[in-house]
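Report on the structure given below.
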Number of protein chains: 2
Amino acid sequence: MTGFGLNNLPYGVFSTPGGAPRVGVRFGDQVLDLAATLDDSTFAAPSLNPFMAQGRARWTEVREQITGILSGGRRAVLHPLADVRLHMPFEVADYVDFYASEEHATNLGRMFRPDSAPLLPNWKHLPVGYHGRSGTVVPSGTGIVRPTGQRKPPGQESPDFGPSRRLDVEVEVGFVVGTPSALGEPVPTGAFADHVFGVCLVNDWSARDIQAWEYVPLGPFLGKSFATSLSPWIVPLDALAEARVRTPTQDPRPLPYLVEDDPWGLDLSLALALNGTTVSRPPYASMYWSPAQMLAHLTANGASLRTGDLYASGTVSGPSPDQRGSFIELTWSGQEPLKLPDGSTRTFLEDGDEVTISGSWGDVSLGEVTGRILPARR
Amino acid sequence: MTGFGLNNLPYGVFSTPGGAPRVGVRFGDQVLDLAATLDDSTFAAPSLNPFMAQGRARWTEVREQITGILSGGRRAVLHPLADVRLHMPFEVADYVDFYASEEHATNLGRMFRPDSAPLLPNWKHLPVGYHGRSGTVVPSGTGIVRPTGQRKPPGQESPDFGPSRRLDVEVEVGFVVGTPSALGEPVPTGAFADHVFGVCLVNDWSARDIQAWEYVPLGPFLGKSFATSLSPWIVPLDALAEARVRTPTQDPRPLPYLVEDDPWGLDLSLALALNGTTVSRPPYASMYWSPAQMLAHLTANGASLRTGDLYASGTVSGPSPDQRGSFIELTWSGQEPLKLPDGSTRTFLEDGDEVTISGSWGDVSLGEVTGRILPARR
């Protein structure tokens, strides 16, 4: 049933012509109008935040109600998907981006720091991450204006300023926090499902030339902050219960606060398509750090969580070349262009290119996140 | 008049016993109750965001109204400062922290990367910055729980986990965005005053041991994200018109998008006090990059601004040792302990220590931001 059967039931925000944005659930090629069906004003909000703030017990209860309604043929207000407009599913509080793929970190290390060991000494001890810009997280389909910035190509004495020539994507999976936590109180790995509401797809657009020049010593900034695209449907953790797998063996053994008793690796299959051609199939199961470990690390210092916090996995790259989740890796920094079916080649993104990331576990679809490159502003 | 005369009139959020938080203006040792005085529901909000979103023309108009009321003795609802409780003055959207003091960047470079040039090649070409955690920006007076995290002291083979032993402060000045901007549209240096509402003091608490181990290659994360403290009063740009100075000479000349026609350096005097003893007097006029340049850089890639965006200058450190804005610099990484009047010495912060940052230009006070260190949670 197109990946959106009774075992999925992801949440999003939609509007019908003339109507206000409100919470819906995707079921096949229809959208269940939750406020109208359940007569609950929580779902009349233009974001999932009020519902997500209600916590795990309530999420379970509503999922059961919806399953009952859709399987029992009870009264349900449904709209054809083709007739609705999709919006940002939630208001992003803080956005954190991790770096949890060993293959990706190794590949980037080789390209950005060719003279030293690709994996830095801390990488296998903690899930490396940093804060991104939550104000520029945009819904799937938003046009991406090619960013302008400082670039200093190798061999050039000083930087110049202009449109990025190395515009790239990062195929990532995002985790959305529902239940907040108190300042000063770490969230252990075992409390992951109490706090995380669901999962989505993220395209962390990256301007590699801007990033390479700016990123020492405080990390990526303008090379990332122009846009991050989000898929419209947030898949509940419950829908992915059987997708859970152990992470690859972690050696050295993580410090106790990062040990997870129940595995939260996820066996998701991802795909990256450029102008309709699939160019990569990154396997999420290869990620070194699990999302429960990321959450435990993010809060280990007492940092509090808010409803709407989003954290992403970092680029998902598998061990084989056709599993790499970014063009900088797929084309090895532009040295090995991709050949496309129309005979053209591609290193980094060109104006007009459309990128689509999709993902699924079995017949549970994460949907897709798309974006088209618009020319730089003059 | 205690730094809060008619030429200052900073905005904050206060409540009286039993009353809801609302917008107020500090005048001497009193708080002007703006919603009650102007009969305008914008000021009944528990944050400055709705007012800040109205833009520069409205800010000017309200400032003139308030000046008229307070100088003309017209009807005004005033509360003694001692009778009110102060709250977070605004809801923080995104929080960006810059690194704009040449002395600070040089000092930190010497300590963190002793084997290479202290100032990295990009530093004089762009205001280096990164995103911090907006969910843990807290109001002045909030207790700061000593953060726990991974530390790897020199000579130790692998990291351990425990309370930070190198807990520090950063004396910074914050700039608060009122008027939003559109995605894809850079904000030039000349539009600084159209977007920035006012100025405050920021203490960017830092756990140096956690930061030193985690920060490569994606920048500071848990070493900073446990707490950032904000002063309660946002001083309007208009109150600092005469504090404006040129930045120090910038050589090499910045790229055109960073050139400012009108100077936005600020001749603010700052002070850092530990348990009541002033230990440093950082001069803001020494900052290499101006806040207008920071804003132009932050948006150069098309990143949009939201009402409530906060960006901070980075640690303010002057050229002389008693002008350094952090303990890691004041004690040179703990090697040269400070002597305190009670005969004790201090390298980094101890439980129970209280830190106060204050600032002013002439008789215009920025007030102060304080915080006391609480023991780590067990």
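Every residue gets a Cβ built from N, Cα and C, even glycine.
Look at TrEMBL and you will find A:D97, A:E170, A:E172, A:D204 tagged as Ca(2+) binding site. Cβ neighbours of A:D97 (Ca(2+) binding site) (same chain, under 8 Å, six or more residues apart in sequence): A:G129, A:Y130, A:H131, A:G132, A:E172, A:D204, A:K224, A:Y311, A:A312, A:G314.
Marked as substrate binding site by TrEMBL: A:Y99, A:R113, A:Q211, A:Y215, A:T315. DSSP gives A:R113 (substrate binding site) a coil state; it is part of no helix or strand. Cβ neighbours within 10 Å of A:R113 (substrate binding site), excluding its own Cβ and spanning all shown chains: 14.
Annotated domain 'Fumarylacetoacetase N-terminal' per TrEMBL: A:7-89, in sequence order.
Among the features that TrEMBL reports, domain 'Fumarylacetoacetase-like C-terminal' is placed at A:96-364.
The region 'Disordered' annotation in TrEMBL covers A:138-164.
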Among the binding-site residues A:Q211, A:T315, which residue has the fewest other Cβ atoms within 10 Å of its own Cβ?
A:Q211
Under 8 Å Cβ-Cβ to anything in chain B: which of these binding-site residues pass, A:Y99, A:E172, A:D204, A:Q211, A:Y215, A:T315?
A:Y99, A:Y215
Where does the mean pLDDT land for the domain 'Fumarylacetoacetase-like C-terminal' (A:96-364)?
97
On a C-alpha basis, identify the one among A:Y99, A:Y215, A:T315 that is nearest to A:E170 (Ca(2+) binding site); the candidates are the binding-site residues.
A:T315
Taking the Cβ of each of the binding-site residues and counting other Cβ atoms inside 10 Å, which one has the highest number: A:E170, A:E172?
A:E172
For the region 'Disordered' (A:138-164), how many residues does DSSP put in helix, in strand and in coil?
0 helix, 12 strand, 15 coil
